[in-house]
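Take a look at the structure below.
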Amino acid sequence: MTLRFISFEGIDGAGKSTQIAAARVWLECRGFEVVATREPGGTPLGERLRELILQQSMAPDTEALLINAARAEHLATVIRPALERGAWVLCDRFADSTLAYQGYAKGGDLAQLRRLQRDVVGSTLPRRTYLFDLSVSDAAARRAAGREQAESDKFERAGASFQERVRLGFQALAAAEPGRFMVLDAGLPPATIQAQIETDLALFHAQVAV
Ligand SMILES: Nc1ncnc2c1ncn2[C@@H]1O[C@H](COP(=O)(O)OP(=O)(O)OP(=O)(O)O)[C@@H](O)[C@H]1O
Ligand SMILES: Cc1cn([C@H]2C[C@H](O)[C@@H](COP(=O)(O)O)O2)c(=O)[nH]c1=O
């Protein structure tokens, strides 16, 4: 059921949204339905929770529970129905972000976060995860060039050492599951990364089709 479920992960500003848009076009040109979505968010309720999660300071357990509440709604009303009708789901962040941000970067208990994840996500896990690996300074420069500071959220404002811990967290997650993760050098030009993803999607699509 999760064969066409793909997540895109990485620190803030690493280039995920840019490549999701390209992957969407690639798949749609081949006749597939694509649902491109994001976390936290992806549903009307999830987008309201996103505002709180990204802007409001809160206790660590509250944050993890709200993120997972948004995820439960997202899975029930968007992700699972899309996968069941055969659509591809391209998700801008999923459960790995919770382990990287709330776990590795904020110091949350990884075992507890994984238990919560198991309860909420069950077996609806991405079959492929593209990790956009980029230096914290390059990502910050991209964010600064791409938008006004006033639009930044609390995670982006948490500083370079926080983003560094997020990056290391993602690298640890990728090392533990090399079959699911494909680590991309997000410092390469967009067209190069797009070609790498398209090559991978072509192989991946062939496996799904048989
Ligand atoms: N490979 C790249 N090289 C240089 N700039 C890039 C590259 N990919 C994306 N960008 C630019 O960097 C900025 C951030 O890209 P994008 O929004 O795709 O990142 P993101 O990972 O989705 O960010 P966020 O996590 O903050 O939503 C944008 O201005 C985008 O045009
Ligand atoms: C899913 C998820 C997200 N976050 C953080 C990571 C980012 O800073 C924001 C989302 O912003 P983006 O522009 O959509 O990338 O939320 C988190 O801390 N934990 C999570 O599980």
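Using the three backbone atoms N, Cα and C, a Cβ is placed for every residue, glycine included.
Heads up, TrEMBL stuff is auto-annotated, nobody curated it.
Annotated features in TrEMBL:
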| type | residues | note |
| --- | --- | --- |
| DOMAIN | 8-197 | domain 'Thymidylate kinase-like' |
| BINDING | GLY10, ILE11, ASP12, GLY13, ALA14, GLY15, LYS16, SER17 | ATP binding site |
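Annotation note: GLY10 (ATP binding site) sits in a strand segment as assigned by DSSP. Cβ environment of ASP12 (ATP binding site): ALA139, ARG143, PHE155, GLU156, GLN163 lie under 8 Å away, each six or more residues apart in the same chain. Only ASP12, LYS16, in sequence order, out of the binding-site residues ILE11, ASP12, LYS16 have a CB under 6 Å from ligand 1. Excluding GLY10, ILE11, ASP12, GLY13, ALA14, GLY15, LYS16, SER17, which define the ATP site, the same chain contributes PHE132, LEU134, ALA139, ARG142, ALA186 within 8 Å (Cβ to the Cβ centroid), listed in sequence order. Ligand 2 lies under 6 Å from the Cβ of ASP12, out of the binding-site residues GLY10, ASP12, GLY13, GLY15, LYS16. Here the domain 'Thymidylate kinase-like' (8-197) has a mean pLDDT of 96 out of 100. Taking every protein chain shown into account, ILE11, ALA14 are the binding-site residues, and of these the Cβ with the most other Cβ atoms within 10 Å belongs to ILE11. Non-local neighbourhood of GLY10 (ATP binding site): LYS16, LEU131, PHE132, ASP133, LEU134, PHE170, ALA186, each in the same chain, at least six residues away, with C-beta under 8 Å from its C-beta. Shown in sequence order, LEU134, ALA139, ALA140, ARG142, ARG143, GLY146, GLU156 are the residues of the chain, 6+ apart in sequence, with a C-beta less than 8 angstroms from the C-beta of GLY13 (ATP binding site). In sequence order, PHE132, LEU134, ARG142, ALA186, PRO190, ILE193 are the residues of the chain that are 6 or more apart from GLY15 (ATP binding site) and have a CB within less than 8 Å of its CB.
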